[in-house]
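Presented below is the structure to which this report refers.
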Amino acid sequence: MIFSLDEELHRVSLDDKKNDIKVDYSSAIYNDINHEQGSSITYEESINHLSVHSNAIPLNGMSPAHRMRRRSSAYSKFPILTPPNTRRFSITGSDAMRTNTNRLSITPQDIISSNIGENELSRNLHDFKPVRVLGQGAYGKVLLVKDVNTSKLYAMKQLRKAEILISQTATDSKREDEDKNDGNNNDNDDGLSKRLERTFAERSILSEIEHPNIVKLFYSFHDNSKLYLLLQYIPGGELFYHLKEHGTLDETTVSFYAAEISCALRFLHTKGVVYRDLKPENCLLNQRGHLVLTDFGLSKKSANDSAVDEEDPENVNALYSIIGTPEYCAPEILLGKAYSQNCDWYSLGCLLYDMLVGKPPYTGSNHKVIINKIQQNKQGPKIPFYLSEGMKDILNALLKKETAKRWNVDKYWAKTGANNKPTKSKKKKSGAARTSLFTEHFIFRKIDWKLLESGQLQKTTLGPIVPVITDLELAENFDTEFTSMSYEETYTDSKPININSVSKSPDMFKGFSYKASGSYLEKYF
């Protein structure tokens, strides 16, 4: 940042008692924003540009910038407390899952028999130079790295093999034994198969799909101790970061991002993929202010793409794993019932509620507390009075706890040959499922769906929140909790891990390596 020395000295005052230096940082930051934007906008105009909701819930007299920071991202099964805009943790398969060998669509043998030749792919850890840490998950960190040959920037997601291969703890095993499993006994091999399947899920899904609102995968490889995914670097940071800094968002902004998220979810569902972990932490903003979904570690892909596989109960039409982030999980997931891709639309309702109100509809110390709140609240979550009727309507339609009454967005997405016939307007029965078209809802009246689904809207327009980016390598829109971390310990060739699981199946990670085509790489660089 460039400031005049006289201006800096003018803002400095000395406290004779404590010998402390006081600086008006808020003014410095505000002036820097104006400097980067090249305009002389007022402070009020800059706040409006960030799309802060005019009716935001007051935060005990504190400005949005002073909201409670997220807790440490160290792995935790359930958060102890979930105040507004505090980072939520996902429930992984080892935390709570219904293990059943008949429900697996990928086995270790399938992984080993992958037709990708490891030796044909030349990328390795030494091809990339670490710049800074962007985030941290249950299995490892996400680093911003630079290609030493081309200087291109990537987001490198690291997954520790030991976390995947080591057997579950006694507590986890006991918890699983208490789950109903249709008469089948759980064992470590089943749990390992499930963890391996989910490890390969993100690599497999991202290597097969391409959508403007979904992060891109360029390379993947592994060494003795870790798996690496080289992903598209999205410099605008997490939606969580912007919510934390600026409070709630206005309805126009929420409607725009709701359209982009739903467009990505609809695309995934047509490809037989259920996302299962929609939350602000997994939504990134690119340089133009458009939203991009990331982190597909908990996603599930049908064995037969979008086709229904009746022999595999855990396909897109019948999933069983208790997985995701409790505050955004559909009730049927938390209750351990069978569920389908419709669970993603409930999560969308939770995310919209969070953006508008400042917290998810239901919070609690664990998933049992949350499900109790959902069951006790027969009328659904309380919708704030200040929201428009259109926004109240879509929230009520998406947040139905009964799947039969929830809006089946995939079925009623847009006009097709089957539903293109005009229908007589009938009064909807109380509690009946919504049958109107999703894309024609009132809150989307300003959205050009053809441009959005084709990707042209993302290329030709700016989103409601355009991140301030002065240097891509600074990662200015990522939390300093992460960017201040050291990457030295995580960016070295580790010694081979020595656990029994490795000796039993030394090639179970074979086939993980991947390299995108040259034309694909040129398209995005």
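First residue shown is number 1, and so on along the chain.
Every residue, even glycine, has its Cβ placed from backbone N, Cα and C.
Just so it is clear, the model here is predicted, and its values are computed rather than measured.
For SER90 (phosphoserine), the Cβ neighbour count at a 10 Å cut-off comes to 23, with all displayed protein chains included. Taken from Swiss-Prot, the feature phosphoserine applies to SER90 (among others).
Here Swiss-Prot flags SER105 (among others) as phosphoserine.
Sequence annotations record features per position, and here Swiss-Prot assigns domain 'Protein kinase' to 128-424 based on sequence analysis.
Per Swiss-Prot, the feature region 'Disordered' maps to 170-193.
Annotated compositional bias 'Basic and acidic residues' per Swiss-Prot: 172-182, in sequence order.
Taken from Swiss-Prot, the feature active site, proton acceptor covers ASP277. Shown in sequence order, SER90, ASP295, GLY297, LEU298, SER299, ILE323, GLY324, THR325, TYR328, SER347 are the residues of the chain, 6+ apart in sequence, with a C-beta less than 8 angstroms from the C-beta of ASP277 (active site, proton acceptor). ASP277 (active site, proton acceptor) falls outside any helix or strand according to DSSP and counts as coil.
Residues or ranges marked as phosphoserine by Swiss-Prot: SER321 (among others). Packing around SER321 (phosphoserine) is summarised by its Cβ count: 23 other Cβ atoms lie within 10 angstroms of its Cβ, all protein chains included.
If you look up Swiss-Prot, you'll see 445-524 marked as domain 'AGC-kinase C-terminal', on the strength of sequence analysis.
If you look up Swiss-Prot, you'll see SER513 (among others) marked as phosphoserine. DSSP assigns SER513 (phosphoserine) to coil in the three-state reduction, outside any helix or strand.
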How many Å separate the Cα atoms of SER321 (phosphoserine) and SER513 (phosphoserine)?
27
Restricting to the domain 'AGC-kinase C-terminal' (445-524), report the mean pLDDT as a whole number.
84
Measure from the Cβ of SER513 (phosphoserine) and count the other Cβ atoms within 10 Å, all protein chains considered.
23
